[in-house]
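Participant: Would you mind keeping the following structure in view while I ask a few things?
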């Protein structure tokens, strides 16, 4: 028999306990600017760390292949209903373990190996699962890639031209590092012109969409996929959404189970349900509005400091910075900022001459610092501190002085009180 006191993590595995404690310390002492990261609430983490992790539940609620699922059924049903309400759709599959799993299920549901897919190029801001040659999406399927125009917006003329030329079976509208707004209607018009399925990958902007501060892809898309963390502030996981298309919804059900997954992670699904409930609160709309304000505040300062922003600025939560003029690579800047207690990720920019392991850019975002309580004033300070370091990578004095300022700021805004 287990005892929660006797068999605590600290008593059972001191090495893992210490690693977690160090990560908790890092999260408190560093300003988190990685655009895909956020802080889950204590309620979300409590659900994810619950005894639901013990339960196997192959199948869907009400139709399981195991007994004893009556209570995990409650959790999954709540997660589905809340996701449907949040995004205004009549179908939601909450079982995908990740955004990539959700994307893979959609591929399996609507395509056959060798079918043509049109997605955003990784170097232009797309995701690996949008047809990158190193990913399943670029190996199993015939991947055609679109990019950005001279203004840093999606090149819709190119999308239309490529669609006409290659007749894709599916077009993906979505991104991993693009700071603009997607014109869902334009994509739908292009998709309809070649009889293609239009899929939206809203992993980065799902929270903004749910709050009504970023255009909703429905009714223009056939299906939307997303992660449940990032701007949604939930556990790490995936989600498939569909509306007014029961035939397609049925395909998505079987594409996840038994298609690419077995038992769902019921503790994660419960945590998703909690996150969706939190996102249905009016305060969540206020949060997303502040996310946008904070991103614009950083944009203003970074432009003043002479840092080039791809697409000329941001209309969402993230900024892709071209730091070529600093004389340092993205890899060097990421390391220097890390020493200064600012966490970012190096990122390729359009037509980047450097490899993806080095890069000429940085990707930053405002979701995590907004959750922390930062407003425009703090974000302007953070942007200035970032610029101080990026122009002086390797300068120990600048890095140490910045780290001290960051620690002072973080102490005023604890992540978990």
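Placed from the backbone N, Cα and C atoms, the Cβ positions cover glycine too.
Quick caveat, the model's predicted, so the values are computed rather than measured.
Found this in Swiss-Prot, in case it helps:
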type	residues	note
BINDING	122, 126, 127, 128, 355, 356, 357	(6S)-5,6,7,8-tetrahydrofolate binding site
MOD_RES	230	N6-(pyridoxal phosphate)lysine
SITE	229	site 'Plays an important role in substrate specificity'
Participant: Should residue 128 ((6S)-5,6,7,8-tetrahydrofolate binding site) be counted as helix, strand, or coil on the basis of DSSP?
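Facilitator: For residue 128 ((6S)-5,6,7,8-tetrahydrofolate binding site) - judged by DSSP and reduced to three states - the answer is helix.
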Participant: Most Cβ neighbours within 10 Å: which of the recorded positions 229, 356 is it?
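Facilitator: Within the set of recorded positions, the most crowded position is 229.
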Participant: Give me the non-local Cβ neighbours of residue 357 ((6S)-5,6,7,8-tetrahydrofolate binding site): same chain, 6+ apart in sequence, Cβ-Cβ under 8 Å, ordered along the sequence.
Facilitator: 331
Participant: Would you give the longest CA-CA distance, in whole angstrom, between residues of 122, 126, 127, 128, 355, 356, 357, the set recorded as binding (6S)-5,6,7,8-tetrahydrofolate?
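Facilitator: Between the most distant Cα atoms of the (6S)-5,6,7,8-tetrahydrofolate site, 16 Å.
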Participant: Quick one: pull the CA-CA distance for residue 127 ((6S)-5,6,7,8-tetrahydrofolate binding site) versus residue 230 (N6-(pyridoxal phosphate)lysine), whole Å only.
Facilitator: 15
Participant: Cα distance, residue 356 ((6S)-5,6,7,8-tetrahydrofolate binding site) to the residue listed as 'N6-(pyridoxal phosphate)lysine', nearest Å?
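Facilitator: Distance between the two Cα atoms comes out at 22 Å.
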Participant: Write down the Cα-Cα distance for residue 229 (site 'Plays an important role in substrate specificity') and residue 126 ((6S)-5,6,7,8-tetrahydrofolate binding site), rounded and given in Å.
Facilitator: 18
Participant: What whole-number Å value do you get for the CA-CA distance of residue 229 (site 'Plays an important role in substrate specificity') and residue 355 ((6S)-5,6,7,8-tetrahydrofolate binding site)?
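Facilitator: If we compare the Cα positions of residue 229 (site 'Plays an important role in substrate specificity') and residue 355 ((6S)-5,6,7,8-tetrahydrofolate binding site), the gap is 28 Å.
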Participant: Taking each of the binding-site residues 122, 128 in turn and counting other Cβ atoms within 10 Å of its Cβ, which one has the fewest?
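Facilitator: Each of the binding-site residues 122, 128 was scored; lowest Cβ tally within 10 Å is 128.
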Participant: Among all the protein chains here, how many other CB atoms are within 10 A of the CB of residue 127 ((6S)-5,6,7,8-tetrahydrofolate binding site)?
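Facilitator: Counting Cβ neighbours of residue 127 ((6S)-5,6,7,8-tetrahydrofolate binding site) within 10 Å gives 23.
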Participant: Around the C-beta of residue 126 ((6S)-5,6,7,8-tetrahydrofolate binding site), how many further C-beta atoms are within 10 angstroms, looking at every protein chain?
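Facilitator: So the number of other Cβ atoms within 10 Å of residue 126 ((6S)-5,6,7,8-tetrahydrofolate binding site) is 23.
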Participant: By a simple count, how many Cβ atoms lie within 10 Å of the Cβ of residue 230 (N6-(pyridoxal phosphate)lysine), its own Cβ left out?
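Facilitator: By my count, 27.
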